[in-house]
Amino acid sequence: MIIMIKTAALQFTDAAASQAQKLIAAENNPTLKLRVYITGGGCSGFRYGFTLDDKVNEDDLLIEKHGVSLVVDQMSLQYLLGGSVDYSEGLEGSHFIVSNLKAKTTCSCGSSFSI
């Protein structure tokens, strides 16, 4: 069963939805969704990852905003609860950002964390 919610234990900001919408439009495939996931690695133990995906697994969480879907698998969701997915443009470049309330430490690059 796919879990679909409009507001979530994980926030999907307007900026992140807007950027995901642009990336999906550039791929010319409206079935794509932005997937956020966590893997082992990085300098702090866990690493965030983002990809465009046209598959939604049975136990994925699906968050919709402005016609764009953010997909999270259940394993990753347990680490992301209460956090947010945002998008930032600045001197360091442009990138999706995860604010994770469960992270005890984060790497200076912001892409890895420990619990």
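The backbone N, Cα and C atoms fix where each Cβ goes, and this holds for glycine too.
Note that the coordinates shown come from a computational prediction; the quantities given were computed from them, not determined experimentally.
Positions annotated as domain 'Core' by TrEMBL: 10-110. In terms of DSSP helix, strand and coil, the domain 'Core' (10-110) has 21 helix, 46 strand, 34 coil.
Annotation comment: TrEMBL describes C43, C107, C109 as iron-sulfur cluster binding site.
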Model confidence over the domain 'Core' (10-110) (mean pLDDT, whole number): 86
